[in-house]
Amino acid sequence: MEFSPRAAELTTLLESRITNFYTNFQVDEIGRVISVGDGIARVYGLNEIQAGEMVEFASGVKGIALNLENENVGIVVFGSDTAIKEGDLVKRTGSIVDVPAGKSLLGRVVDALGVPIDGRGALGDHERRRVEVKVPGIIERKSVHEPMQTGLKAVDSLVPIGRGQRELIIGDRQTGKTAIAIDTILNQKQMNSRATSESETLYCVYVAIGQKRSTVAQLVQILSEGNALEYSILVAATASDPAPLQFLAPYSGCAMGEYFRDNGMHALIIYDDLSKQAVAYRQMSLLLRRPPGREAFPGDVFYLHSRLLERAAKRSDQTGAGSLTALPVIETQAGDVSAYIPTNVISITDGQICLETELFYRGIRPAINVGLSVSRVGSAAQLKAMKQVCGSLKLELAQYREVAAFAQFGSDLDAATQALLNRGARLTEILKQPQYAPLPIEKQIIVIYAAVNGFCDRMPLDRISQYERAIPQSVKQELLQSLVEKGGLNNERKIEPDAFLKENAKPYIKG
């Protein structure tokens, strides 16, 4: 049988079509929902899924795979599970959870997945970063040596914080934990305005976990009034958000802060507060049927916080010399710092600022318990002048507290004890500070110098706050600059501040 020319032509055409045939196949691995409830979906069929991978349900809701079991996968749902039904298809996305990062987020309020919730449109140019990454290794790190000023006299003098440190703020509810964090953000306004280069600027990330939406709105207002939003990012997983988002928010905020750390810049991140994150994680773990441990928390709750806080670091000069400083907040119940979560976080961090209800109600604000508060690495970053000025401050306050307890029982005290009580009361008074009024470091030094060197000893207690306000207003700028720049105070450099403070104290001393 012979091929006609027509058949040969057709064969050639078919061959060329088959050779050039190409289609872009997209293969999706899908599974089906076996059961759903309480924000947890059990899915069958996703055999190749990774731990921590994002999945998408038929309704468009996203989730994250946390439990990889023999028969099924336990997925926590980001959002409402009411639209998910048994038998629904679930599709792998192939990506681990990531969030936007970069300078385009500054001044914005985003949720735990990095989606803007401030009604100001989409984000500008940005990169995406995984929320869970490996922490910097030992060789990549450097000892903390640069100060991170909070603007609070009690903190910068007694529990100094350095860039790259983790300092815990711990206390009962309504003792001023968030106030310390906000004051620290506000204080960076004046610090950043003095910065001569990008490497001196400090960017701030505030992560609100399980807070009321009204509280977050109030915070945005305070920061915008203080012109602090321009260098801040707010990540909000509020009380009305599902537990998975409250669990994820600190990691998302950390990924945004790491952008600055890894690009030779400096960032401060505040987790407010990690107690609520632990509660959200406990809820998810119990619903996933993981075995409970102490206080019904899962066994890996320590790892939950340690892997987050270890990401705060001061990088070595070879890796850009950037830093990420963390201020985690923990809420205690009736001052019990020996509970499970508080002891965990205390052991992870480089020190803690302890706040007490009793001090708060006595009008000592910030209500810092100087005896329990400590900074394990911050003193290496403290300015030399501040270190010299407040060297005896902590000791004098400790002696004052000890003697004050016994002084209640008897009035016949010797002159030395009376002088100690007198000085201690004035030091306590000078460390008080109103909210949202951070003080530059050079003004803190001169005020504390006045108290430590006895310029307030003959003043009535009710006049000390007036005297303290008067010092920064009337002091010469050159004198303040010399305190910071010339590397500490020697006998020669003390002559000018002594003369100024003595003259300034006269109107306030009782006649």
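Residue numbering: from 1, along the chain as shown.
Cβ atoms are placed via backbone N, Cα and C, with glycine included.
Swiss-Prot lists GLY171, ASP172, ARG173, GLN174, THR175, GLY176, LYS177, THR178 with the feature ATP binding site. THR178 (ATP binding site) has a Cβ environment of 19 other Cβ atoms inside 10 Å. In the three-state DSSP scheme, THR178 (ATP binding site) falls into the helix class.
For SER373, the entry in Swiss-Prot reads site 'Required for activity', with the evidence type similarity to another entry. Residue environment of SER373 (site 'Required for activity') contains 21 other Cβ atoms, counted within 10 Å of its Cβ in all protein chains.
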- Query: Of all the binding-site residues here, ARG173, LYS177, which one's CB has the most other CB atoms within 10 A?
  - Reply: LYS177
- Task: Sort the binding-site residues GLY171, ARG173, THR175, GLY176 by C-alpha distance from SER373 (site 'Required for activity') and give me just the closest.
- Result: GLY171
- Looking at Cβ-Cβ distances, which residues of the chain lie under 8 angstroms from ASP172 (ATP binding site) while being 6 or more apart from it? GLU331, THR332, GLN333, ALA334, GLY335, LEU355, GLU356, THR357
- Item | Other residues, Cβ within 8 Å of GLY171, ASP172, ARG173, GLN174, THR175, GLY176, LYS177, THR178 Cβ centroid (ATP site) | GLU331, LEU355, THR357, PHE360, ALA367
- Within 10 Å, the Cβ with the most other Cβ atoms among the binding-site residues GLN174, THR175 is that of THR175
- Once DSSP output is merged into helix, strand and coil, SER373 (site 'Required for activity') belongs to coil
